[in-house]
Amino acid sequence: MGRQKELVTRCGEMLHIRYRLLRQALAECLGTLILVMFGCGSVAQVVLSRGTHGGFLTINLAFGFAVTLGILVAGQVSGAHLNPAVTFAMCFLAREPWIKLPVYTLAQTLGAFLGAGIIFGLYYDAIWAFANNQLIVSGPNGTAGIFATYPSGHLDMVNGFFDQFIGTASLIVCVLAIVDPNNNPVPRGLEAFTVGLVVLVIGTSMGFNSGYAVNPARDFGPRLFTAIAGWGSEVFTTGRHWWWVPIASPLLGSIAGVFVYQLMIGCHLEPPPPSTDEENVKLSQVKHKE
């Protein structure tokens, strides 16, 4: 047992990456993979069973808990943004260096791509059987919507852009409130569950129009995977070339969320007073001369 533990320790030391930004990128990749794997897995189960194994609520619950699990996995290493819109907001507020925006975005998109690939492999036979050995993007037998978001038939481009803008702005406002130490800070360890609850609320209130991507990586990574896996370039042209909306609109919504929170809440908060308990501890450590 002692030798095994020593071997595990040595292997850990050998595999340890000393470049901090690379460690953080790997964490973002894995966290986003978990988000997409569980989230899109729930969509696959509903679509491929034609609604007999879940529905709109189960999809939203799965995405909410998937975000929670992704944050729990990656949070200690990278902060678990799992979303370029969140990273953009943090860089815009100077809470993270701008170099993290392209690095995190690439890692998050890769994680989403891999998560989609896992679900494709998991439901491979069911996907092919669903539409008689065809990979169809949209319609009654469409399966591309398992992985990326597409607009409902009633939705035009302007309304869809506004949909993603408001959804992302709402997400950013809530995330900033959750992580703001001068506001009502969430008890340590519960941040992941609270952010997951925010995603659940957004999904159940704003998910009808286009599936509330509010995350460029979560949408583009799986969309790119479907284009490569056999659905083809139609995944980029369907919905009047909808693909760019879940990328551009969330980034603009992120800026709006930052401005709304800072102008209406953040700029008016005062730092909390020093803790009396901490002062007592410090005073108790003072040595008095007798």
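Just so it is clear, glycine is given a Cβ too, placed from its N, Cα and C backbone atoms.
Relative to the membrane, F56 and P97 are recorded by Swiss-Prot on opposite sides. The range from 43-56, 211-224, 225-238 that Swiss-Prot describes as intramembrane segment is residues 211-224. Separation of the C-alpha atoms of Y212 (site 'Selectivity filter') and R218 (site 'Selectivity filter'): 10 Å, rounded to the nearest whole number. Listed in sequence order, the residues of the same chain lying 6 or more apart from R218 (site 'Selectivity filter') and placing their CB within less than 8 Å of its CB are T32, L35, V36, G39, L82, N83, Q108, A112. N141 (N-linked glycosylation site) sits 23 Å from F63 (site 'Selectivity filter'), counting Cα to Cα. Highlighted: of the candidate stretches 57-74, 101-121, 160-177, 190-206, 101-121 has the greatest count of Cβ pairs under 8 Å to the transmembrane segment (25-42).
On the 0 to 100 pLDDT scale, the model's mean across the topological domain 'Cytoplasmic' (178-189) is 86.
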